[in-house]
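The next block holds one structure in the form of structure tokens; read it before the comments.
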């Protein structure tokens, strides 16, 4: 039996992402990786909380943060998580075109989020002179939120690459796990943002 | 002449084979050789430290160089020697013990190794570029964040790269053990070495990201002007200590648990008995792993966290003595009434029990927060952690290497030379470190460059140095044994120790696909069960069929080299922004290789059934 026959069966199974041993390994391995990522962000949150009071001048969380923009960003990212669920739904129904469509929407929403974040940082730096170096709060803020933003950027490259790579050949048992774990990653980014929204922005405003 | 060319091509092909290999057995060889080299470098640094401290008012090396020596000795031994040697054993043994043909992610396995090696090389390049790291292996801020020169920068970048490799390795073993066990190999039938590898991998997964963050913060402070540890800008130096020890305490269990597993297998094999209290051993391993995350602040009793925090961490620390004690007693009961064979592996295991018990006892002493104010930062601490890390991990590595050497290299290490090497190392070890308890209690602080005459420290330090040289002699005898065995010893049989677990059902060394037919596991100690029922080999779980194998790849090497180059860029961009070119080139190579991996399908290949029948597997 050649690889082609194995990876393109006549009847695609219901869970194409877990139909091969490689797929199962990727699935379990990626969950493990996300466990490690959780500790990574927990450490960054801890550091941020320890330093969030170490502000300089008027650049305190209350003065800097604008909840309007952050609300838009939250909506963009939460919606993108939903659209990636749609994409996985279509993957399980072996509808490749619709999966690509919803992944495309996910990427666009992610781009919107990232654009807002870049604008936010630009705004802080140029309007307020609030930078990575200006105080320990600044270092902690840009590192935590920046790490998340970096993850979003990486996720965008990842999902886009998968879409382009598989555009012509469609879904098979080799690339299904890849699509699936990229969507897991995307959900994780979303969950981290929920915590950033709460701990950094909401608490910052109340603080 | 033609012969010479063939020979040369042979070597070139072999090097290429090892650089591109994804075979867990060859990656084990790589880990063993690289980890062994770093072990020798770290040992040399230890000898230099001991020569400096041999007599009072010594001027053998300068104070600055001394700081570099202690820093690099600790960092090298922990990250570049002990961990890779443990990974060598895991790679060599775990897939065989669970009846798998390879690990879950062969490509990542290779990537993990090359990241470790390039990280270690980066760290050691610092010796030649104006000074090694000099802030201690714990690298406490603000000493580290303000240390002049680039030494600490090398520490940060080197460990970041090597640490990423370790994390990848940990995830790989987790998935391998969860997904790749042979039919019948339930969790409670796994050999103890596989169990401890499993728990160790969990520790790696949850501990290393804290170090990753700590190193990033240190990198940002030193290279990009952030203020995490800069108190004048509102920073907090204690954050480093927390992050470092949230990683660092699980790390010591990462170092000790795998050798606990190896000892369990060794005691059981050489006592000809199944392990006493198997399920209690598993439970104790899990409990040690869990508690290992609850005790990090016992490294920080004198920081001033307050009596409540200190009490909680003191209690949790002492609690770890319970599962550890369970293990010690179970090993003793395994031997009790057994038919004991005093092989070299068993000898190291026997030497381990009293040694480690002493280290555990001083651990409980140190865990008492009130008393710790007296012991903190003295040679008492140095003596304690060498008793557990050398007396535990290094003894364990020697034991495990003697035990599994035939499985890794196809030859049994010479037993006479093994016995000969054990005694100088064992006696030298106790000579070096037992006296250090008392030096510490007499008030000798750790990390001091020298001490005055007439303080009563001279004799103890002299004894300690003599012991260090005995340990060096023991190590040299081991190295001689390796060479002697390679040249003189005959090929080993499949099962030289009358073993109990699956790896001994395979030829020594096993074929590259490990199991011709996936084995059927019918209980704990599966090979022993088959032997007791009069069968020669393991019952197969499947008919003979095609075997799927992964392709080798150069990409892991290139990715790691990319990060290595980028590491230099990050370190030197502080002096000259042109170094960002190196960052771009290195990261470019890294991401391009990653991208290639993603875009080019790698489906592996099949070994056909017919070829398997022709070759035979040496079992008959």
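Including glycine, each Cβ sits where the backbone N, Cα and C put it.
According to TrEMBL, the protein carries these features:
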type	residues	note
DOMAIN	B:10-522	domain 'Cytochrome oxidase subunit I profile'
TRANSMEM	B:30-53	transmembrane segment
TRANSMEM	B:73-94	transmembrane segment
TRANSMEM	B:106-128	transmembrane segment
TRANSMEM	B:154-180	transmembrane segment
TRANSMEM	B:243-263	transmembrane segment
TRANSMEM	B:308-333	transmembrane segment
TRANSMEM	B:345-365	transmembrane segment
TRANSMEM	B:385-405	transmembrane segment
TRANSMEM	B:417-442	transmembrane segment
TRANSMEM	B:462-483	transmembrane segment
TRANSMEM	B:554-572	transmembrane segment
TRANSMEM	B:578-596	transmembrane segment
Open item on the list: With contact taken as 3 or more Cβ pairs under 8 angstroms (pairs 6 or more apart in sequence), are the transmembrane segment (B:106-128) and the transmembrane segment (B:462-483) in contact?
Closed with: no
Open item on the list: Please tell me whether the transmembrane segment (B:462-483) and the transmembrane segment (B:243-263) touch - that is, whether there are at least 3 C-beta pairs under 8 Å between them, with each pair 6 or more apart in sequence.
Closed with: no
Task: Contact set, same chain, for the transmembrane segment (B:385-405): CB under 8 Å, 6 or more residues outside the stretch - done: 77-78, 82, 85-86, 89, 92-93, 252, 255-256, 258-260, 262-263, 265-266, 269, 343-349, 351-352, 355-356, 358-360, 362-363, 411-413, 418, 422, 425, 429, 432-433, 436, 478, 485, 497, 503
Open item on the list: Do any residues, 6 or more residues outside the transmembrane segment (B:308-333), come within under 8 Å Cβ-to-Cβ of it, and if so which ones?
Closed with: 260, 263-264, 267, 275-277, 280-281, 283-285, 287-288, 291-292, 294-298, 301, 349, 353, 356-357, 360, 363-364, 367-369
Open item on the list: If I take every residue in the domain 'Cytochrome oxidase subunit I profile' (B:10-522) and average their pLDDT values, what number comes out?
Closed with: 96
